[in-house]
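Visitor: My structure is below; once you've seen it, I'll send some questions.
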Amino acid sequence: MNYTLNQHYEEKVRPSIDLIDSLRSLGVEKDLALPAIAVIGDQSSGKSSVLEALSGVALPRGSGIVTRCPLELKMKRKKEGEEWHGKISYQDREEEIEDPSDVENKIRKAQDEMAGVGVGISDDLISLEIGSPDVPDLTLIDLPGIARVAVKGQPENIGEQIKRLIRKFITKQETINLVVVPCNVDIATTEALKMAQEVDPDGERTLGILTKPDLVDKGTEETVVDIVHNEVIQLTKGYMIVKCRGQKEIMERVSLTEATEREKAFFKEHAHLSTLYDEGHATIPKLAEKLTLELVQHIEKSMPRLKEQIEEKLEETRTALEKCGTGPPEDPKERLYFLIDKVTLFTQDAINLSTGEELKSGDINVFSTLRTEFGKWKAYVDRSGKNFNKKIEKEVADYEKRYRGRELPGFINYKTFEVIVKDQIKQLEEPAVKKLKELSDAARKAFILLAQNSFTGFPILLKTAKTKIETIKQEKESTAESTLRTQFKMELIVYTQDSTYSSSLKKRKREEEELEEGELVKNNLGSWKGLPVVSVRSTVNGLDTHATLREMMLHLKSYYHIASQRLADQIPMVIRYLVLQEFASQLQREMLQTLQEKDNIEQLLKEDIDIGSKRAALQSKLKRLMKAHNYLVEF
C-alpha cells in the first residue's frame, strides 16, 4: 500500500502518535482523556473490513457481536524490506505474534479471557501493535458494533451495554469519531451516526466512512456522491468512501494487496463514483492518509491542554497522597519513632488549636467560633442590662409597698437593693451554663476533627484519641460548670471597690441628668400646643417617695453595670481556660502517656486496609503521571 504524505508530516507523524501510544500504555487514560480515533458502526456496516484493509491483517469476523472488547490497533510503518511484527497486550500480559495469520485467533482468545466465552462484552482494552512496510502510521480504537436485537445467549440489554461502552469513548472531546456506514442504507437512520451526533451535534470531530459502494441500488449513486460531498448530513471533517473485500473475495482468498488494486480500479472506472476518486475522497490508501493527518493535527491541537491536565492531576495526586500519609515503616525501631512523631505532631497541634496558632494538620480555627459566641454572650448581657433598667422602677415601687418597714421616707432600703440585684444576676446563670455547653461541644468537635486529620488511616489510634477527647470533654465541662456556678454564687455577694462604685454612680447620675435635660427641652418645644412645661427633676424631687425611688434606681443601674461587665468577661475566660487550654494540655499528657505502653504500639499502628490500597493506587498514579509529564517535556 503506497502512502503519499509529504516529508513535513512524515517527520511529525510517528513521534506524535508514539507519544500518545506511550501515554496510553502507561495507563494515563485512567486519569485523563487522550487524543484518539474511535471507530464505530452498526453491525455488518463493514467496520472490520475497513480495519483489515488498513492494518493488513485479518480480524475476527462473523455474525453477531464480533468485537467484544475495545481494540486499540497501533499501526507502525516500517521501512521497505523490514519484517512484519505483531504484539498483543491485555490484562498486564504481553505476547509477540510472529505470523499475521495468527492475529485473528489471538484476539479471539484475548476476548474470551476478558469478556468470557460466548457473546458478552468487556470495557477492558486489548492492544494490538502491528509493524509493517504496508501499514500507515496510525492508531485507532475499534469498538463493538451496535446491536439492535439480542440474539441467543446474549443479555436482553446487550444493545444498551454496547452503547454505554461506545459513549464512554466518543463523548470525550479528545476523540475523533470515525463512523462507518454502508452505502446501501439510509445514512440518517444508522445508530452509529445518531450516537455521534448526540455527543458531537456540530460534527466537528466526526468523520464519515461509506462502505460497500458495489451494493448501491442503481439510480441512487448520485445520492452517495452528495453524501461524500457533505451535502446531506454535514460533518466538518467530511466523508470518505472505500470498497473492501466482500465475503466472496475472502472465500476466494483474495489478498489485501490485490483487494486494494481492485478497489482502485472500481472507483476509477465507476460512472458516478470516479469523481470521488479524482477528488481524493475514495480508496483505503487515501483514507489512511486522511486519518493519519487528522490524528496528528488533533494531537498537536490537544497538546497544550494535555500538558495542563497532567500538571493539574499531578498536583491533585500529590495533595491526596499527602493526606494519606506515608504509612508506617517496617523496622520496629522506626515504627516507634513514626508513632512518636505522629502523636507529638497531634498534641502540638492540639496546643496550637487552643491558643489560636497555625496548625500543621489542616485548617481548623475554633477561635473564630469562640469569638462569635463570646460576642453573642456580651450582647445578651447588655440586652439584659437594658431590660433591667426599663423594669426596675416598677419593681422598686412594688417592693417598697410590700417590704418597707419603719424607715422614714427618703431613706434607701439596702435590703431592697440587694434582693433586686441578686435576682437579676441569678437570671444570667443558666444562659451562661448553656453557652459553656455549646462551646464545650464546639471544642470537642474541633479536637476530633484534628484527630481525624492527624491519624487518617489509623483507626485504632484515631479511636484512642477520640475516646480520650470525649472523656476529657466531660471532665472539663463539669469542672467549668462548677466554676461558673461558683462564680455566680460569689456574684450574689454584692461587692465592688468603693472607688469603682463611686465612679459608676457618678457616671450614671450624669447620664440621668443629661437625659432629663433632654426631656425638658423636648417638653418646652411642645408647650405651644398647650402642654404644661414641668421639670422632671422638680416633679421627682417634690415627692420624698419619688426621690427615694430615683436614688434606688441609680444605685441599681450603677451596680448592675459593674457586675454584668464582670460576668461578660469572666464567663468567656472560664470557658477558654478550662474547655480549651486545659482540655488541650490534658489531651497532650494522656496521648503522650500512650507511648509508654509499649505493648500497644503495634495495635495503634494498624493501618486501615482501604487507606493502604488508596495510597498504593495514588503512588501508582503519581508514577505514571510523572512519566507522562517527562514524555511531554522531552517531546
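In case you wondered, yes, glycine gets a Cβ from its N, Cα and C as well.
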Visitor: Region 'G5 motif' per Swiss-Prot sits at which of 243-246, 311-314, 523-526, 611-614?
Guide: 243-246
Visitor: Scan 79-82, 211-214, 219-222, 315-318 against Swiss-Prot and say which stretch is down as region 'G4 motif'.
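Guide: Of 79-82, 211-214, 219-222, 315-318, Swiss-Prot gives region 'G4 motif' for 211-214.
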Visitor: Under DSSP, is SER44 (GTP binding site) part of a helix or a strand, or is it coil?
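Guide: Its secondary structure by DSSP: coil.
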Visitor: Looking only at the domain 'Dynamin-type G' (31-304), what is the mean pLDDT?
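Guide: Result for the domain 'Dynamin-type G' (31-304): average pLDDT 88.
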Visitor: Please list, for the domain 'GED' (549-635), how many residues fall into helix, strand and coil according to DSSP.
Guide: 79 helix, 0 strand, 8 coil
Visitor: I'd like to know which of these binding-site residues, GLY41, ILE146, is least surrounded, judged by other CB atoms within 10 A.
Guide: ILE146
